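Q: This is the structure, below, for whatever I ask next.
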Amino acid sequence: MNKTITALTIIMASFATNASVLPETPVPFKSGTGAIDNDTVYIGLGSAGTAWYKLDTQAKDKKWTALAAFPGGPRDQATSAFIDGNLYVFGGIGKNSEGLTQVFNDVHKYNPKTNSWVKLMSHAPMGMAGHVTFVHNGKAYVTGGVNQNIFNGYFEDLNEAGKDSTTIDKINAHYFDKKAEDYFFNKFLLSFDPSTQQWSYAGESPWYGTAGAAVVNKGDKTWLINGEAKPGLRTDAVFELDFTGNNLKWNKLAPVASPDGVAGGFAGMSNDSLIFAGGAGFKGSRENYQNGKNYAHEGLKKSYSADIHLWHNGKWDKSGELSQGRAYGVSLPWNNSLLIIGGETAGGKAVTDSVLISVKDNKVTVQN
């Protein structure tokens, strides 16, 4: 027993303001996206609107620098990845030319050398919002996310309802009162080759698609952790994609953040330890759903997790805590640790700080 406790010792490192992980973001930052290349961090979109910023983490005087604005308009839930020195941004949720909220399936490329954006003549075969993106062998892979037709239809209906609260209530009840499988979340794995700008089918989950999962990859393995199984209902599932050999294998690991799960959590690696932290969800929604209530989160308050879990010996252990619950920020690998930038806390408040989670000998260190 003592040995177990020792292995899960929580070390909460307290630092003065001038020793914070990174300078505060230029604006409170949530629901955006980010990537890192050659120790330079890039973040943008979400609550930052069309703005993008970069920060050289190795600079003596660390500061955020504004970049050229994103040409595709403000967006939430876009994803991004660096491939061969260029930053690619995939999809997201925003307004179309008619002012309607919609899911996009487009791709934009940013060239750091010229500080310029270009919209590629390439469209994914389905919408990309709530999806995850990771890079393997020079290609970007996308999976998960909401169904574009169902999501866009919901917002078209809300737009037509205007300010009629009775009609809006009916639309919401109709939208949320369905089983998880009736939302057709994306369970396909798509690959994007930047050299050809072509999308290809790369496989599909033998289980179900999720939205708002956390993703982390190392070598030939990628993990998808939690996320929504349907609007308002999270899952505690953890999926592993194994690219070892010629055939992609899908595995299901032990669950985490049970029983309700979270969405918008943070995932990363530190000294070969798989980390999962934070996220938001509705406590009691899973029980409601299992009892036949499809509108499972109706009347429930969104809660924000501060838990830090480590994957150890085939199971998840709660191994530490964030200073407060947080979700919907950016997870990046940095200094052999998990770097969290921004996010939102209770009440949906966007934040400007960063957190660094490190693991050594199964001991968690949290630097704020």
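Backbone N, Cα and C atoms are what each Cβ position is placed from, and that goes for glycine too.
Residues or ranges marked as active site, proton acceptor by Swiss-Prot: E228. Per Swiss-Prot, repeat 'Kelch 1' is recorded for 40-84. Residues or ranges marked as repeat 'Kelch 2' by Swiss-Prot: 86-137. Here Swiss-Prot flags 139-173 as repeat 'Kelch 3'. According to Swiss-Prot, the repeat 'Kelch 4' annotation covers 174-219. Annotation comment: Swiss-Prot describes 222-265 as repeat 'Kelch 5'. Taken from Swiss-Prot, the feature repeat 'Kelch 6' applies to 287-336. Marked as repeat 'Kelch 7' by Swiss-Prot: 338-367. Per Swiss-Prot, the feature signal peptide maps to 1-19; the stated evidence is sequence analysis.
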Q: Counting Cβ pairs under 8 Å that are 6 or more apart in sequence, does the total for the repeat 'Kelch 7' (338-367) and the repeat 'Kelch 4' (174-219) reach three or more?
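A: Between the repeat 'Kelch 7' (338-367) and the repeat 'Kelch 4' (174-219), contact is absent.
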Q: CB neighbours of E228 (active site, proton acceptor) within 10 A?
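A: Cβ-Cβ neighbours of E228 (active site, proton acceptor) within 10 Å number 26.
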Q: Same chain, outside the repeat 'Kelch 5' (222-265) by at least 6, Cβ under 8 Å from its Cβ: which residues?
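A: Sequence-distant neighbours of the repeat 'Kelch 5' (222-265): 130, 132, 134, 136-137, 141, 143-144, 146, 175-176, 178-180, 182-183, 185, 189, 202-203, 205-208, 210-216, 274, 276-287, 289, 295-298, 305, 307, 309, 311, 314-316, 327-329, 343.
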Q: Report, as numbers and ranges, every residue of the chain located at least six residues beyond the repeat 'Kelch 3' (139-173) whose Cβ falls under 8 Å of a Cβ in that stretch; write 'none' if there are none.
A: 79, 81, 83, 88, 90-91, 93, 100-103, 105, 124, 126-133, 183-194, 202, 205, 209-211, 213, 222, 224, 227, 231, 295
Q: Is E228 (active site, proton acceptor) helix, strand or coil when read with DSSP?
A: strand
Q: Kindly report the helix/strand/coil residue split of the repeat 'Kelch 5' (222-265) according to DSSP, in that order.
A: 0 helix, 20 strand, 24 coil
